[in-house]
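According to Swiss-Prot, the protein has these features:
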CARBOHYD  ASN54  N-linked glycosylation site
REPEAT    56-77  repeat 'LRR 1'
CARBOHYD  ASN80  N-linked glycosylation site
CARBOHYD  ASN85  N-linked glycosylation site
REPEAT    104-125  repeat 'LRR 3'
CARBOHYD  ASN117  N-linked glycosylation site
CARBOHYD  ASN205  N-linked glycosylation site
CARBOHYD  ASN247  N-linked glycosylation site
REGION    250-294  region 'Disordered'
DOMAIN    292-379  domain 'Fibronectin type-III'
TOPO_DOM  419-820  topological domain 'Cytoplasmic'
REGION    508-527  region 'Disordered'
REGION    589-612  region 'Disordered'
MOD_RES   SER619  phosphoserine
REGION    654-677  region 'Disordered'
MOD_RES   SER668  phosphoserine
MOD_RES   SER672  phosphoserine
Amino acid sequence: MLRLGLCAAALLCVCRPGAVRADCWLIEGDKGYVWLAICSQNQPPYETIPQHINSTVHDLRLNENKLKAVLYSSLNRFGNLTDLNLTKNEISYIEDGAFLGQSSLQVLQLGYNKLSNLTEGMLRGMSRLQFLFVQHNLIEVVTPTAFSECPSLISIDLSSNRLSRLDGATFASLASLMVCELAGNPFNCECDLFGFLAWLVVFNNVTKNYDRLQCESPREFAGYPLLVPRPYHSLNAITVLQAKCRNGSLPARPVSHPTPYSTDAQREPDENSGFNPDEILSVEPPASSTTDASAGPAIKLHHVTFTSATLVVIIPHPYSKMYILVQYNNSYFSDVMTLKNKKEIVTLDKLRAHTEYTFCVTSLRNSRRFNHTCLTFTTRDPVPGDLAPSTSTTTHYIMTILGCLFGMVIVLGAVYYCLRKRRMQEEKQKSVNVKKTILEMRYGADVDAGSIVHAAQKLGEPPVLPVSRMASIPSMIGEKLPTAKGLEAGLDTPKVATKGNYIEVRTGAGGDGLARPEDDLPDLENGQGSAAEISTIAKEVDKVNQIINNCIDALKLDSASFLGGGSSSGDPELAFECQSLPAAAAASSATGPGALERPSFLSPPYKESSHHPLQRQLSADAAVTRKTCSVSSSGSIKSAKVFSLDVPDHPAATGLAKGDSKYIEKGSPLNSPLDRLPLVPAGSGGGSGGGGGIHHLEVKPAYHCSEHRHSFPALYYEEGADSLSQRVSFLKPLTRSKRDSTYSQLSPRHYYSGYSSSPEYSSESTHKIWERFRPYKKHHREEVYMAAGHALRKKVQFAKDEDLHDILDYWKGVSAQQKL
C-alpha cells in the first residue's frame, strides 16, 4: 500500500499542469550560436516572450501562443535577431521603441493579432527591415510617418484590416518598395483618398492586384475598384474622384517612373502569415512604353522571328549610371548584358516560338535597381519556310574530334603494320639462319655455303651428302686381356691426343660410318627446328652413353677375370658391346695405396676455367655409390684387398681404329701410363677371400666426388640388390619417342629461358617489348626452343678436346636420369 501511494503521488506531480515547464526546439551552430528557436504552439502557450532562450538566436518563432504585448525589456537581449515571427497571438500593444535593439531585423511578422494602429514609434530602430506583415489585424490608422524609420522596406502587407483612408505621403519615402498589399480594406472613396490614389497610380505594384482594391463607402461608389489595368475606364474610383475633387483636371501620370529593387535576400514568410510567398517573388514589369530619348533610356524592337529578336537600346548618358539589360520571366529575372554605349543593338537568340518575353533597362546605384523602361514582345509561330537555327559550330566540333580519332587509328595501324612486317622478316631471317646452322652441324663445316643454302631452301628433300657415324668396335666378350709385357710395351708408346670439334667427331673422319637416315632433314619443315635439333643431339648422346657404359662394364668384367683367374666364372650368355675400347685389353698390375687416382673413361680433370663453378654430383659412369668406394659390406675387413689396374695407352698393340681416336682425350686413362684405376675386391659369402672366390672389381669414384663444371644426377647401384643380370639389362639401349628426348633440363614448359651449357653463354632470355605482345604468336615456346638450340649448338660446334667431353659427360648424366 505504501508503494502504491508513493507511485500515485509521483504521477500527480508529473501530470500537474502548473508544474510543466515549457521548452523550445533549438537548432544550434558553432560556438554556441542558436540559428533557430521554435517555440510555437507551446503547451501551455507563452504569455510573454521566454527569457531562457539563448541571446544569440537568429530566427525566433513564437507564433500561435498567447502573447499580449511586445515590450522593449523582453526583446532587447536578442540583438542578433533577423527573423521574428509573432503570428497568431493576442498582441494588442507594441511599446514605442520596443524594437530598438533589433537593428539586424529583416522580417517581422505580426499577422493575425489585435493591433489597431501603426505609428512611427512602434517601428522605430528597424533600419534594415525589409518585410513587414501586419495582415488580418484591426488596424484603422496608419500615420503618414509610420514607415519613416524603415527605409529598406520592400514589401508591406496591410491586407484584411480596417483602413478607410491613407495619406498620399505614407509610402512616398519608401524608395525600395515593390509590393504593397492593401486588399480587403473598407476604403472610403472621398476626396481625402485622392492623394493616395494619385500615388498608387504612379506606384508600380508588382502584384498588380488592382481589382482587389474596392470602395465600400459612400454608398454610390460601393464596389467600385480603386484602380484597374486600364486607368481611363469609366467605372473606377480615381476617375470619379478626379472629376469631383480636381475640377475635371486629371493628375499628370508619368509614363515611366523608376521603381527601385533591392538585391537583399528575400526571406520566405510564415505560411500562416496570410501572405503568399510567390507574390513576393513575382516581379513583372509594366507593359512596354515609349519615352523621349533625351529624357531617359529607350528600348525598341527592331526585328523578331520565331527563335530570335533584335532590340535597339538608346541611352542618353551611358556613364552617368550603370545600365543593365534585364530579362524578366514571371517571378524570375536575369541580367543579359551591360549597356555601355549610347546606342546598342542587342541580338537575342535561342528564343522559343510563340512565347512572351519582357526586357527592361535597369540602372544600378547604391546596390539598388531602378527600372527605367521595359519592352514586351511575343515571338511568332514558325512557318514552313523558316529554317532551323544552324548548328554548324557543334557539327564542326564533332567532325573535328571524329577526324582526329580516325587519323590516330590510321597512324597506329600503319605503325602496327610496319612493325609486324619487320618482325616477320626478322623471324624469317632467323629461321633461315637456324636451318643453315643445323645443316652445318649435320654435314660439317667443310661444306661450302652455297650447298648449305641450297639444301636449306629445299625443305622437303633428303640430304645428298654422305654422313658417317662413329666407328663401331667389336665386342670384348670372350677375348683375353693382353699380357703384362704388352701393357708395359704400351706404356712406352705415348699417345698424342687428337684435337677436333664436335662437327669432326660427328662426321667420323676416317672411320666406318653408317648413313644418316633420310627422314632427319624433313624434321626442319615444322616450326620447331630447335626442338628437332635437341632431339637429334639427344639421340646421338644416348648412343655415346651406351658405348661408354658398355666399355666401363666390360673393363670391370675383364679386370675381375684377370684377378680371379680361372675360378671367375661369368655368365657366358652375357654380351657387351664396346665400340670405343681397344680390341686387346691391357693387363693390370698391383700397386700400393699411394697410387695416383685418375678419372674414369671420358672424364677429364676439372679445371677452374669457369667463373661460376657448379656443384658436380656423382658421375653416371661410376658403378657404385660413395659408400662402395671403400670396402664392400659383404666381405670382412681382413680379407679386403685393394687392387689397381694400370691401363696403358698403346694404340698400335690394341689396334684402335683411326676414327676412334677422336673420342680419346689427353686426360683419359688411355693417355697416361701412370693412370691407375683403383679396384676394390668384395668378398662373398663367408668372407674367405681365397683365390677360389669370386671377386667383383669396382671402380672407385674418387674423381666424381669432386666439383665439375656441369651438374647432373648420378646413378646409384646397391651392391646387395643389383645383380649382374640387372646391370646387363641396364646396358640395353632404351627406345624413347621424339617427344621424350627433350630432357627436363631444357624443357620450355618448366623453364622459359635460354639454355647454355657453360657460363660463357648467357642463359637469360632477352625478350623485347614487341616480342612480349606479339599478336600473331600466342606462346613463346618456339622462342625458348630457339634459344636452347642456339646455346647448345654454339657450345658443341666450337668445343675442343676437354670441353667437348664435358658436354658429352653432362648429357650422359641427363640420359642416365631419364633412364631411371
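Including glycine, each Cβ sits where the backbone N, Cα and C put it.
Least packed by the Cβ count within 10 Å, out of the glycosylation sites ASN54, ASN85, ASN205, is ASN54. The sparsest Cβ neighbourhood within 10 Å, among the listed glycosylation sites (ASN80, ASN117), is found at ASN117. For ASN80 (N-linked glycosylation site), the spatially nearest entry among the glycosylation sites ASN54, ASN117, ASN205 is ASN54, judged by CA separation. In this structure, the CA atom of ASN117 (N-linked glycosylation site) is 23 Å away from the CA atom of ASN205 (N-linked glycosylation site).
Cα separation, ASN54 (N-linked glycosylation site) to ASN85 (N-linked glycosylation site), rounded: 17 Å. Taken through DSSP, the domain 'Fibronectin type-III' (292-379) splits into 0 helix, 56 strand, 32 coil. Per-class residue totals from DSSP over the repeat 'LRR 3' (104-125), listed helix then strand then coil: 0 helix, 5 strand, 17 coil. A Cα-Cα distance of 25 Å separates ASN85 (N-linked glycosylation site) from ASN205 (N-linked glycosylation site). Secondary structure from DSSP puts ASN80 (N-linked glycosylation site) in coil.
Over the topological domain 'Cytoplasmic' (419-820), the average per-residue pLDDT in this prediction is 50.
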